[in-house]
Structure formats: C-alpha cells, structure tokens
Amino acid sequence: MRLIIAGGGTGGHLFPGIAVADEFLARSPENEVLFVGTERGIEARLLPKLGYKLALISASGMKGMGTIKKIMSAGRLLYGYSQSRKILKEFRPDLVLGVGGYASAPIVLAARGMGIRRFIHEQNAFPGLTNKVLGRFVDGVFISMPEAESFFPKEMTQMTGNPIRKEILWGFQERVRSIGDTFSILVFGGSAGAQRVNSALLEALPHLEGVKGKLRITHQTGEKDAARVREGYQAQGFQAQVLSFIDDMSAAYGAADLVVCRAGATTIAEVTACGKGCIFIPFPYAADDHQRKNAESLVHKNAGVMILEEDLTGERLAAKILELMEHPAELAEIEKNARALAQLDAAQAIVSAMVSKN
C-alpha cells in the first residue's frame, strides 16, 4: 500500500506524521510513504536527513493577512492544488493523511476530487480553520483530545491520541528521585525555543537563590538565544546545561523532575507519555489560542500547572517551581494524572483505522 502524509511547517504537525509513517512502514516491506510539504517548513530541512521521501508544493495561510496578500495566498493555494493532483497521479497512493499545516489542504482536497481515501489528524483541543473545513470532505477524522470531538461529524471521528516519535517511547527511562537529591528542571519552548520563556527563567533565578545548590537545569533555548541565556545562568551562579537544540529528548525527559514548556499538542503528548509534571506557559499567539486550550485540558484534570504569558513574571514562575519542588506528593499526583492521559498506541490506532477503511 501507498500512503501520502501531507502537512508540516512546525514540529507539532510533522512529528506525529513521522510516527504514523514509521508504523505504516513497519506493517509491510511493500508499503511506501511520501511526505508532501512546503519548502519553508521544518519538513524540508528534517525529512531528507531522516531518509523519507518528500515532495514540495506551494501553499500558505491567509489568516490575519491584508487583501493583497490574501489574493497572493489564494493563488499559491490554487497552484498547490494543481501540483497536488500531479503528485497524486504519479505516486498513486491508496491513502492520504493530512496532519495540519499549509500543505495539508491542497492534497486532501485534490484526493477528494480524484476519489482517493483521505483522513485528517487534529492534534489540538481546538481545531484550526483548515481542519474544521477539511473535516467535511474526508473519510475519517482522528483527534488527540476529547475537546475536539464536537467540531467534526461524530460518525467519522475517532479519538486516537497524538502519535509520538518512537525514539521518545523507546528511549525514555524514568529517573529515580530520592530524598535530598538534586532537583532537575527541563526547560524548552519548542524546536525553535521561546525567548519569553527563556527570559522568565533568568528572572526567576534570584527568587531561587535558596535552593541554588539543589537545582540542575537543562535549558533548550533555540539557536538565537543560547549565548544570552548561558551568560545569564553563569552571572547568577546557577548550574545549567544550555543547549540551542536537544537531540535526545527521551533522555532529557527521563532526567527531569519538572518540565517548564509551551503547550503545543506534540509537547503535551510527549510529557503525558513520560508522566512528567509540567508548568505550561502557552504561546499566546497560537492560532485560535489553541495552546491555552491544550494546557487547560490538562490543568482541569490536575495533570499540569499553567501560567499565562500575560501573568508571567520571574517571581511567579519561581513560586510555582518552589511549590512543586517542596511538595513532592503534589508533584507526584500531577505526574500520575498526566500519565493516565497518555495514549501510547496512537500511531497504531490511526494506521489500523485507515487500512481497515481502504
């Protein structure tokens, strides 16, 4: 069988697609996968390095644009639709899966016009406009959070969870916490980092002076902010490993007692799979404020803590860190609740559902 996985742009869209691709390829040596994305997305840089086939099309969003840019974007979408039909004719897939991102819509709509079975996966609690529209034209919708169910036709919607990269699942080893041990904090803001989160950690350090000797911090900053953050830790005498990018996230999760992070859907899938207590700082400019809704989904189940960026100060962040550090039973309860929300077989469920409907 042949599968096209369309979308990307960010790791939050791409990584679930990679997990599905790996599961599909593992089912049979005769199976083939082709990714379709745009040259500006993370897929153009990452997928060739990982050995996956990738076709590129023209596509961009329209939300928040002026009239001229919307017209230009519509032109790219029409051209992308034409490119998509050509790709479908050449690759001849049995199945198409849209995982979100600009490339998802042209391929899924072209597949509908050519009678190819097509599906979408929604990672977030609150779907974006593209997936809400595409949900009317597909044979199945896979969702990661129950809050998304009401946005799609009930008869074709399946709760699967968000597929997780196999290296996260296979490589994760829980760190055994002991009384009097150091307390390890993992900080990251997505694959590109998050300057506001980085600054908040540095602003929190004076308020953590009393536990300086116990803290061990691993901080993924993004490439642009690494030097500034590293100097900030050194100036205040805190032991921290500052990295522009963490290659082995499974080891980073395993070593962490607490995670400070954004609330993208892939991040939430990974931290729940690893049973980590988190302080979520949702990115306030995410489409339809979906990161806040993602975080709220966990906070309402006592499976995480949230600080909105508008309320974020170094003092407030330090207070939350100290509260969880000094009350291990409270942190353990959050970890237990987070782990209970994990759906480790999401990729298997999606592949099985697509194949069974073919």
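Each Cβ is built from the backbone N, Cα and C atoms, and glycine gets one as well.
Annotated features, as they stand in Swiss-Prot:
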- THR10, GLY11, GLY12, ASN124, ARG165, SER191, ILE246, GLN291: UDP-N-acetyl-alpha-D-glucosamine binding site (BINDING)
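Taking the features listed in Swiss-Prot, we show where each one sits on the structure.
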residue : record                                        : Cβ within 10 Å
THR10   : UDP-N-acetyl-alpha-D-glucosamine binding site : 18
GLY11   : UDP-N-acetyl-alpha-D-glucosamine binding site : 20
GLY12   : UDP-N-acetyl-alpha-D-glucosamine binding site : 27
ASN124  : UDP-N-acetyl-alpha-D-glucosamine binding site : 28
ARG165  : UDP-N-acetyl-alpha-D-glucosamine binding site : 21
ILE246  : UDP-N-acetyl-alpha-D-glucosamine binding site : 17
GLN291  : UDP-N-acetyl-alpha-D-glucosamine binding site : 29
